[in-house]
Amino acid sequence: MASIRELHEQLVKKERSAVEITQETLDHIQELEPKLHSFLHITAQQALEQARAVDAKIAAGEEIGLLAGIPIGVKDNMCTKGIPTTCASRILENFVPPYESTVTQKLLDAGAVVVGKTNLDEFAMGSSTENSAYQVTANPWDLSRVPGGSSGGSAAAVAAEECVVALGSDTGGSIRQPASFCGVVGLKPTYGLVSRYGLVAYASSLDQIGPFGKSVEDTAILLKAIAGYDHQDSTSLKVEIPDYVASLKPDLKARSKLRIGIIKETFGEGLDSVVEQAVTKAIEQLQRLGAEVHVISCPNFRYGVPSYYIIAPSEASANLARYDGVKYGWRAPEGDNLLSMYKRTRATGFGAEVKRRIMIGTYALSAGYYDAYYLKAQKVRTLIKQDFENAFKNVDVLVSPTAPTTAFKAGEKTADPISMYLNDLMTIPVNLAGLPGLSVPCGFDEQGLPIGLQLIGKVLREDQLLQIAYAYEQSTSWHLSQPKIS
């Protein structure tokens, strides 16, 4: 599939119509979905209507933006008016939002064509997209393996060219880890840069919406469209949004002395040797492009996972208390009274992983353990943030592997929650600190599975991350590889 810019030029020159591009995309989805299961809902009728509106503008001689007529996937935890939003949970299987999330409204205003809602781990809780109540998404590079999670449907859809770009959400790595597993670009913005209004909450102090793309430029274009202040989100940042696309240049030498820090705690035990080799070569390539490389220590990095799995479940236990079968969503048919209906609805409506995290969170917040667990985890979070602040006194950007391994086999880790949680070892600290993080393809293992390089930036320096990722991407060919889906 062509890039956003290439498709835009084809539309403007009237070489192809938006309807033709949309129909080709829908046909491609129809062909691949029996194997991939990237989408929970395919919105063919609405997509074609949106495409016809773009064609009408072009026919009338009106100017269109870069995203007009571009097929986009949206993770199914973002509210879409009149279109089911299930969060891949049985408890929301019949929920159709009466309003549009801010990010999807921005896409519609830009003329983008939403071709469907993508699969995820239930309520975005997972690292493999195996926790969906409806289907398990396959990795386009190897159908027996997972695409990562929780935004696995979005990552797989972009990798398989079922859409040009897609939206995901990232609470502890849910954009970057699937991007690494599927060989695409994924960016988690600074906390507050993108509105969370209409995003179904998992952990409100950590959740952030971000873009997936086949290339850095496509990712930058989508970020530019969704970033910005929103009065409907109390955590939204009132800041000027730079032109992320204009800052993309293929050479780092134009920058004055770019300093990159290697987080030494992300190398060593638990990291696959093939991942370490690929990331090391990527760092060497950044040096050749003009970057100055330093080794940096973030001593509390290793405590990211244990602190996250107290903070995030605690917030989830509060956020998910609203699902009781009364106002919306699914309700258990049996029940002698209101209390038994509540219990049955939640017991049968939530999956095992969601119930596990609600229980962990409720326990951590209980009177006898609040100080010992929740408050202590918040103190560790502060230490992790301070580690990053100290590191950024000496360097501009930090690098690490995105994930410790390449994509694993479906079913391999489902019986071992701790092993599954460790997939986000490299990404979780970035969320705890509210920083921007980006994963860019940097190689393949001996089985042909993608590997990702993680770039971590200072607050609101997405422009710098995208610039570095773009320079690296343009000097390599990893992003040009395409999975062969048989």
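Residue numbers in this text run from 1 along the chain shown.
From the backbone N, Cα and C atoms, a Cβ is placed for every residue, glycine too.
For the recorded site, Lys75 (active site, charge relay system), the DSSP three-state label reads strand. Look at Swiss-Prot and you will find Lys75 (among others) tagged as active site, charge relay system.
Every protein chain shown contributes to the tally, and the Cβ of Ser150 (active site, charge relay system) ends up with 34 other Cβ atoms within 10 Å. Sequence annotations record features per position, and here Swiss-Prot assigns active site, charge relay system to Ser150 (among others) based on sequence analysis.
What Swiss-Prot records for Ser174 is active site, acyl-ester intermediate, and it gives sequence analysis as the kind of evidence. Counted within 10 Å of its Cβ, the other Cβ atoms near Ser174 (active site, acyl-ester intermediate) come to 37, all protein chains included.
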Should Ser150 (active site, charge relay system) be counted as helix, strand, or coil on the basis of DSSP?
coil
If you skip the near sequence neighbours and keep only those at least six away, which residues in the chain come within under 8 angstroms of Lys75 (active site, charge relay system), Cβ to Cβ?
Lys117, Thr118, Leu120, Ala124, Ser151, Gly153, Ser154, Ala166, Leu167, Gly168, Ser169
